[in-house]
Structures are given as structure tokens and as C-alpha cells.
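> I have a structure here, written as C-alpha cells, and I will follow up with some questions on it.
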Amino acid sequence: MTEQQPVAVLGGGSFGTAVANLLAENGVPVRQWMRDPAQAEAMRVNRENPRYLKGIRLHDGVEPVNDLLATLQASELIFVALPSSALRSVLAPHAELLRGKALVSLTKGIEAQSFKLMSQILEEIAPEARIGVLSGPNLAREIAEHALTATVVASEHEDLCQQVQAVLHGRTFRVYASADRFGVELGGALKNVYAIIAGMAVALGMGENTKSMLITRALAEMTRFAVSQGANPMTFLGLAGVGDLIVTCSSPKSRNYQVGYALGQGQSLEEAVSRLGEVAEGVNTLKVLKTKAQQVQVYMPLVAGLHAILFEGRTLNQVIEHLMRAEPKTDVDFISISGFN
């Protein structure tokens with residue numbers, strides 16, 4: 001990557017815009033592609049993303065564009081911040097242009113029909129590309145406002161991790177590296193489900209003990225499932241696991257938390273998602289995760305409970321009663337029951 005070669009950011013949402021700004025602040029020329037030409041033009045003229053990141057000035061080094069072909073041709077390092085439902089359809093027609101390039105997924109979601117993570121879809125589309133993921137406790141607005149933040153870039157290609165660290169690491173944004181791409185990406189995708197539960201709990205006035213129980217049991221469920229899929233359990237003790245889970249389950253800025261809060265106030269799922277105006281990946285992830293957990297026989301009572309409320313007509317009180325009656329098992333599943341080797 002030469003000094004003047006632009007880095008591409010695909011997606012016009014809040015996180016893509018925040019990352020584009022970070023890159024530009026580090027002196028990297030950025031082309032931010034979005035599907036909507038009107039949005040691209042408005043961002044070029046007004047130097048702001050009013051739809052998704054209102055009040056944050058778009059750095060002069062970010063060029064909003066609508067020509068995907070030219071963007072892919074011009075860039076060797078490409079950050080992909082597309083919704084999970086759109087990633088395959090947007091990039092598959094341009095597979096040849098991705099050959100040999102560095103693709104870093106920013107999307108925390110799972111493809112519904114295949115239960116594939118975004119990096120796995122990128123591998124299918126561009127098997128000769130180097131693939132990585134970026135995930136962690138990263139609320140887009142706080143990043144854009146320069147709150148002190150840390151994230152994890154994960155890839156089996158160490159040089160890709162170093163490349164991402166070189167362009168993104170800055171005075172308010174620390175980038176750590178990991179080789180556990182699958183674990184880091186699963187942490188980012190799974191925690192969205194539990195953020196919905198946390199938002200509901202706050203709206204219903206549940207106590208601090210309850211919220212703490214939900215977050216820690218959520219971490220146990222996430223880790224249990226991820227280990228069944230081949231991830232390293234220790235990854236979930238870091239930024240991409242417990243770090244991301246805490247911020248997403250605690251902050252009203254989290255989209256999935258907002259959906260849960262609205263549900264707890266008595267809104268329907270359709271109303272809660274519609275009012276949000278952005279994609280809440282947790283709703284889609286919940287559906288496929290419930291099915292997958294049953295297939296691989298992984299015990300995930302919080303996932304099953306939320307699914308019962310949103311899609312099976314159960315009430316919250318019914319689900320809580322069922323959860324509290326369930327047999328208590330081990331606290332941490334990947335160590336022996338006694339805690340000793």
C-alpha cells in the first residue's frame with residue numbers, strides 16, 4: 001500500500017463513518033462507499049453523516065463515493081461495514097476485484113440462511129484475499145467523539161493485523177491483535193442478543209444484582225457456544241468478549257440495547273426496530289442462534305427465553321419463572337466442576 005493509495009470503507013452507517021474518520025485523522029486518504037447516491041452527495045457537501053452520526057464533522061480526508069467498482073479497484077485495504085443481510089449481495093458480483101486484497105469486516109452479525117460469520121462469507125467470495133475482523137467495545141459515537149477506546153483486529157495473517165494497527169492506532173484509539181479470528185468475531189455477533197435482554201431489564205426496573213447476573217450468565221452462554229464452534233475460550237475474557245458485552249449491555253447508545261428498552265416499555269418488536277432507524281443485528285442473530293444452539297445441543301437458556309418472548313408469544317414473567325426454576329449448573333464451563341485440575 002503506497003502512501004497515497006486510498007483505504008476503502010464500505011458502508012455509510014455510523015460505525016463505518018467513525019472508522020473512516022479515524023483513518024483520515026491518521027493521514028490516510030479514505031474512500032467511503034455507500035449505496036445511496038443522495039447520501040454520498042449530502043455527506044460530500046455538508047461534511048456530516050446526518051442520518052447516522054449527526055453532529056460529527058466528516059474529516060476532509062474522507063471522500064464519500066457511490067462508485068463501488070472504482071473504489072475496489074483503487075484500494076488494497078478494504079474495511080467492510082455493510083449490514084450482514086447485504087454483504088454477500090454487494091460484494092459477490094465483484095469477487096475478481098477482491099483477489100489478493102486485505103478485507104477487514106467491521107460487521108457484527110451472522111448470515112441468516114447459512115449461519116456464516118461475515119469473514120467466512122468474505123472467504124467464500126474472495127478465497128485469495130487476506131481476511132480479518134475488527135471487534136470490541138466500540139460504540140460509534142464515542143469513537144467519533146474521541147473517547148478513549150480499544151479494539152481487537154483478528155486474523156491468521158499477522159501482517160494484516162500489523163497493517164490495520166498502523167493505519168488505525170492513534171492517540172484515542174488503541175488496536176490490539178489476535179490470531180483467534182473466529183472467537184473475536186463470534187463475540188461481536190453473539191453479544192447483540194444479550195444487549196436486547198439487558199435493555200429490557202433496565203426498562204422494567206430490575207435491580208443491579210439482576211443486571212449483573214444477566215451479563216455474567218450471558219458471557220457463560222457466549223463462551224459455551226463459541227467453544228463448541230472451535231473458538232478459544234480465553235478470547236472471551238478480552239475486549240472482544242467481556243469488554244464488548246459490558247458496553248453493549250450497559251449503554252443506551254447501543255442499538256440492540258435500545259430495541260430491548262423499547263420492548264421493555266411495551267412496544268412491539270416491529271415498533272422498536274422501526275423507531276431505531278438503523279439495523280439492530282441482535283434480532284436477526286437471535287433467530288439463527290436459537291436454531292443453531294438446538295442443532296449442536298448447546299445449553300443457552302437466555303437465548304431460548306428471549307426467543308420465546310419475541311417470537312413464541314411467551315410473557316417475560318413466564319420466561320423468568322422458567323429460568324429461575326432451571327437446575328443450576330457450573331458457573332464457568334471450560335474448567336473442571338471443582339475448580340481444580
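Glycine residues also receive a Cβ, built from the backbone N, Cα and C atoms like all the rest.
Below are the features I grabbed from Swiss-Prot:
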BINDING   S14, F15, R35, K108, A140, R255, V279, E281  NADPH binding site
BINDING   K108, G136, K191, D244, S254, R255, N256  sn-glycerol 3-phosphate binding site
ACT_SITE  K191  active site, proton acceptor
> About how far apart, in whole Å, are the alpha carbons (Cα) of N256 (sn-glycerol 3-phosphate binding site) and F15 (NADPH binding site)?
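The separation of the Cα atoms works out to 14 Å.
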> Can you tell which of the binding-site residues G136, K191, D244, S254 lies nearest to S14 (NADPH binding site) in space, using Cα positions?
S254
> Write out the long-range same-chain contacts of G136 (sn-glycerol 3-phosphate binding site), meaning residues 6 or more apart in sequence whose Cβ is under 8 Å from its Cβ.
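For G136 (sn-glycerol 3-phosphate binding site), the qualifying residues are T149, A150, T151, V152, G188, L239, A240, G243, D244.
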> Reported as an integer number of Å, what is the Cα distance between R255 (NADPH binding site) and K191 (sn-glycerol 3-phosphate binding site)?
12
> Assuming the binding residues for sn-glycerol 3-phosphate are exactly those in the record, K108, G136, K191, D244, S254, R255, N256, what is the maximum CA-CA distance in angstrom, rounded?
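Between the most distant Cα atoms of the sn-glycerol 3-phosphate site, 15 Å.
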> Determine the most Cβ-crowded residue among the binding-site residues D244, E281, using a 10 Å radius around each Cβ and all protein chains in the structure.
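Of the binding-site residues D244, E281, the highest Cβ count within 10 Å belongs to D244.
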> Can you check which residue among the binding-site residues K191, R255 has the largest number of Cβ atoms within 10 Å of its own?
K191
> Rounded to the nearest angstrom, how far is the Cα of E281 (NADPH binding site) from the Cα of S254 (sn-glycerol 3-phosphate binding site)?
11
> Which binding-site residues from the set F15, R35, K108, A140 come within 10 angstroms of K191 (sn-glycerol 3-phosphate binding site), judged by C-alpha positions?
K108
> Between R35, K108, which of the binding-site residues has its C-beta surrounded by the fewest other C-beta atoms within 10 Å?
R35
> Looking at Cβ-Cβ distances, which residues of the chain lie under 8 angstroms from F15 (NADPH binding site) while being 6 or more apart from it?
A81, L106, N138, A140, I143
